[in-house]
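The active site annotation in TrEMBL covers 256, 303. Residues annotated as Ca(2+) binding site in TrEMBL: 257, 286, 288, 337. Annotation comment: TrEMBL describes 390-420 as region 'Disordered'. Feature annotation from TrEMBL assigns compositional bias 'Basic residues' to 390-400. For 583-707, the entry in TrEMBL reads domain 'C2'. Summarising the annotation, TrEMBL assigns coiled coil to 842-884.
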């Protein structure tokens, strides 16, 4: 949702009278709302006073963009549903029963629950608001959904079929089941009795039970849905990243062809899209600029060579200035694709940027960060509230050749979309090519779609060049060239196919490049339906600006929205440490644990769902992990519920993600679907922030907006990864008493089979717990504990080296090392021998492909020029024929008159 003063001030009263001029401007408020960024609606309001309009605008916007409100507790969302029902009264001042029936899917169960609560005797009468209290609504929900799974959790916590648990039992439940074991116990200590007592007092309404330090099942259920028990800590929603790192150390929320509302070939371009995209927290938007017509010479924005509509450049700049920092205060990057081959109009573009953006436009480099080789980029904190321009820059030491000028003149005649007929012709070629499914190598017209218009950008004038500083685009040549130049203010944009090839061939080098320089990835031109690629692929190598089509809310866009919700919705996320430190190297394709990174094990069990759909249908849940290639796993799925979307309960096994190598870059997605595959809602959770234990997950729609009622109850475990071979030792260290008791039990069981129990004791313990050659007996538990806690005498390194096992280990290690070297050399020879001819053949194919591409491009230009000439000749012939007919007709008419 968005509240703002309207752009168009022609509002009409209900009687049809246009507003007077005195009511225009600041006294009008427009609320913009919708379930996606394209299909939006407007509500217009008029205030009597200017300050009233401003107060309403500010407060509505603050409420609509409050990130804590969007991620509120289950208890809060139920309270919102209750408030919505209570405020919607009929003419008699009563709450219509049909509103309650409409909110929940199963009408019969709803009617039964209302009758059991004494709220409704006659469906036609409605409910009095005084009778519909919050307590009555909770009682209604308890009758509507019996929730046996909550009863089971309550019994496991220690109730043993009693209607309550004690304070100590609740404290044990919170500290043992609900606490994140990955946290430091000094910084994040377990809850104390006083803190647990405060939780009990908040949710337990029975004073007598509070006096006895007890909490009931109903209060325990409310605690599970309370704000203290959210699946992700609320502090993770605030800005918690260090915002003083260089700009290249952050993932930046980025948009591709921001102005488009539908596909890439046809449809409307919209100024409003810039406002909506910026309000989502996007920090890099794209402007495709073209030369205006001779009448007004106003540059405009559109997608070249297509049938998309045009929008004025100036209006877009005004919309950006209006919404640039409403959601995030951190720097905004404007990615210009400049096709304006007119010095006068480029000067006009630069002037619009200067005058409309004002002081927000960063023109001169910061004093501490000159544009010199080796200088790191400024931080988001240091450029807060600034707008950066990405546009080709004119360098004085390069003089354009005459051939370059001719090339630009050709581009002006060929690619400038001023002539509507030429634009329709080019678009029809692209559409026809896609419909016939002809490859780009066989159909030259498809080159327009595949390569887009980025390659036909014109050189910048002096006026536009002065606006460019820390985001200067250059053509990517190689990582070696970039390392030699060390100009960190230079960045490169790669189409997704080129980026994918680079990622597969040079993953480590790509990570190193992105530590200091910016890279931008954008969708390939054949995505004419505005579909998106998976951004995770390029986040894995540290690409900062992974640009997506915001108008398409597919899975990649949903993931992007969910990930950038965190860190205060700022549009900036600090990359993992290994992607920032120059003294560390990281392989994004690694499957092994990386030194210095603690891998995680994540387990999740979907227990039940609540009010998932307003239809009586079966539903199921999918659980996916997105991260490094080794971490990504898709898809776990529950069984489909049997026609129950109101309160389905699943008794499926735990979904286990055994080893998540890089938790800080991994995200867990839980999505709910109807049995026919229709999307209901989902939630994106960062693995590093998931809380263990029992939690509600409030679902969100494709745009990451919270849904009112749909939710899931899940049980999660998130802990440090322990290899299987070390699992037993880890359990022994975690709970030594339990471990020794288990050993004692095993020894007793073996004693039954063997006559000499002392032999059993020697077998069981000498191999594990020999301390100073003393064998642990089993006389009593106190003896076991005293031995475990006794001091171990230190031994020198020389004494340890004298052990036979050490010498034997060295011999085996040396032998294994020799064998491994032999196998390695053999494998290297096997791989290198056939590699050279294959590489030579691939090089020849690349050269031939490049040659064919150049020839096809030239053929395309010739065909377009030929078509233009044919059209011109055809038009002249029609004109001459028409003149002849007119002359003949005139002559005949004159002759008849005479």
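For all residues, glycine too, the Cβ spot is worked out from N, Cα and C.
Overlay of TrEMBL annotations on the structure.
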{"residue": "256", "record": "active site", "Cβ within 10 Å": "25"}
{"residue": "257", "record": "Ca(2+) binding site", "Cβ within 10 Å": "26"}
{"residue": "286", "record": "Ca(2+) binding site", "Cβ within 10 Å": "24"}
{"residue": "288", "record": "Ca(2+) binding site", "Cβ within 10 Å": "24"}
{"residue": "303", "record": "active site", "Cβ within 10 Å": "26"}
{"residue": "337", "record": "Ca(2+) binding site", "Cβ within 10 Å": "24"}
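Taking the centroid of the Cβ atoms of 257, 286, 288, 337 as the Ca(2+) site, the other same-chain residues with Cβ within 8 Å of it are 256, 258, 259, 287, 301, 303, 335. Distance noted between the C-alpha atoms of residue 286 (Ca(2+) binding site) and residue 303 (active site) is 11 Å.
As a whole-number mean, the pLDDT of the domain 'C2' (583-707) in this prediction is 93. Per DSSP, the domain 'C2' (583-707) is made up of 6 helix, 57 strand, 62 coil. Comparing residue 257 (Ca(2+) binding site) with residue 303 (active site), their Cα atoms are 8 Å apart once rounded. Looking at residue 288 (Ca(2+) binding site) and residue 303 (active site), their Cα atoms lie 7 Å from each other. Taking only the Cα positions, the spacing between residue 337 (Ca(2+) binding site) and residue 256 (active site) is 11 angstrom.
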